[in-house]
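What Swiss-Prot records for 1-38 is transit peptide. According to Swiss-Prot, the feature Mg(2+) 2 binding site maps to ASP377, ASP381, an assignment based on similarity to another entry. Residues annotated as Mg(2+) 1 binding site in Swiss-Prot, with similarity to another entry given as evidence: ASP377, ASP381. Residues or ranges marked as motif 'DDXXD motif' by Swiss-Prot: 377-381. Under the heading Mg(2+) 3 binding site, Swiss-Prot lists ASP529, citing similarity to another entry as support.
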Amino acid sequence: MALLSVAPLASKSRLHKTLITSAHHLKPSPTTIPTLPVCTRRKTFTASITMCLTAPVSDDGVKRRIGNHHSNLWDHDFILSLSTPYEAPSYRERAARLISEVKEMFTEIEDGLSITPLNDLLSRLSMVDSIERLGVDRHFKMEIKSALDYVHRYWSEKGIGCGRESGVTDLNSTALGLRTLRLHGYPVSSSVLEQFKDEKGQFATSSIQTDPGEIRTIFNLFRASLVAFPNEKVMEDAQIFSTIYLKEYLEKIPLSSLSRQIEYVMEYGWHTNLPRLEARHYMDVFGDNEMPWMSYVNTEKLLELAKLEFNIFHSIQQRELKHISRWWKDSGFSQMNFVRHRHVEYYTLASCFAIDPEHSAFRVSFAKMCHLGTVLDDIYDTFGTMEELQLFTAAVKRWDPSATDSLPEYMKRVYTVLYETVNEMAQVAKKSQGRDTINYARHAWEAYLDSYMKEAEWISTGCLPTFEEYYENGKISFGYRICMLQPILSMDIPFPHHILQEIDYPSRFSSLAAGILRLKGDTRCYQADSARGEEASCISCYMKENPGLTEEDVVNHIHGMVDDLIKELNWELLKPDCNVPISSKKHAFDICRAFHHGYKYRDGYSVATNEIKDLVMITVLEPVPL
């Protein structure tokens, strides 16, 4: 019987290798394939990877298609054994003192005690930028708003200089200001970048790429270009120019703190970046002498705070992860060898962008919803028969515990866990929203299963739909809505109906996010899906309608579509004067970023043995050295 091959770790930048600091041996299961070596900075460890060797004929005598997904990588007993010393009150007390001291740094800047009118704008922007990249900005919301209000006060159609009395604008301050102000919802136009082009329409630079100031300027230009809106040609020009410039720079110079920052941002961009991963990386380079603006900031205290916050959050992650693992174990899913077990990976994604300790319900709900969606994906795509799928879909629409009577045994357990978990999350949402939200959730799950039924019919009949038909259905079957809806309703952010309908399906926001994920996911999954008998994908449907195009042509076209959709989603999130605040949309937006992260190199949710496993190690299991 053929096994699903596990690809070796992709050849990537120095950055990715330096992020992997160590790993834990995983408890091997009885059936294993040759072990997968993973490189780390200090050593090489070996993890046993177990594959699901499901027989074509199941125990009930029914012939079924199989997925051959590798099994759970994270032993339940190993998860329960996790511990950390950072639960001690002394660490929280120290963090509280450091927060007060950092606030005093902001006060000194506001009072002009440590800066001058010649650098007061760039100083504020740099302070805000570093605090956000270190992952501690939640403690300084008022200070950040005050700093950005000040910068915006001096913003002009030509941008800004280093200070309010600089006399001339400069590209570094303007690019950093454009990015930071835009991300916080200020109405700033990218047209400010036009004045920094020469007579040939090119951004002006020196001929030798050795000046750290110029390199940092182009770096900030690249970062600004990542938050482009539709039809902003100057942002496209900025990204093309800065990408070429920075790649040439990285090829010429030795490893440094600045080059490591550039590598990280060029590797992860903004739409596949995760705040906790970025914070872990930035801690290793923060405070180096390549950051001259730091002269008025106590970088040691700021860095200590970031490290303490990172490690204190570990205790929260471990507590929540143990809960998730118990839920997975008690659900009986651990006995189902025909489905993917990615509960740990999904929780990790949530904890890498929802990093406020108070958002525990969001993280837990996200992990559970994602895992349930994945279990149903594997049932509808491969394991279930058409008759079973019709019965299960009808049972979910009844939404009654007695609806399991007509289901096969394996489906009874899945239905019960789905019913209980969705109702449980609805009760959590009722406390935070002050109203019953179960109907929102039920409608989302019904639409999800209806979209799967359509795909199952395509598989059973050998039908290859039109691209538009597949794409519209695929935006629902990806599962973005079911993974987003109940988690955001569990938060302490109010979502009245008029705001929720601007975020939930079929809103423009939801359609764009789901479209990005369906297109990107298909570029990573279509070959493996086709091998399992799932012929319909964005690639195959588009090729059918455009027979003159090669597979490579179509994949490149799909990537271009994703780039365009990302710009549109940027606008939906950040457009000024919107009746839906950014804070209400941010977690729904970050869910899209998190899923996108998993598709950066491959289908990280089917083959979770490489980058996604590294992410668990770096952000959940290993504390940062103090």
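Numbers run from 1 along the shown chain.
Note: Cβ is positioned from N, Cα and C throughout, glycine not excepted.
Taking the binding-site residues ASP381, ASP529 in turn, the residue surrounded by the fewest other Cβ atoms inside 10 Å of its Cβ turns out to be ASP381.
Mapped onto DSSP classes, the motif 'DDXXD motif' (377-381) shows 5 helix, 0 strand, 0 coil. The two recorded residues, ASP381 (Mg(2+) 2 binding site) and the residue listed as 'Mg(2+) 3 binding site', show a Cα separation of 9 Å. Averaged over the motif 'DDXXD motif' (377-381), the predicted model reaches a pLDDT of 92.
A gap of 12 Å separates the Cα atoms of ASP529 (Mg(2+) 3 binding site) and ASP377 (Mg(2+) 2 binding site). Sequence-distant contacts (6 or more apart, same chain, Cβ under 8 Å) of ASP377 (Mg(2+) 2 binding site) comprise TYR452, GLY479.
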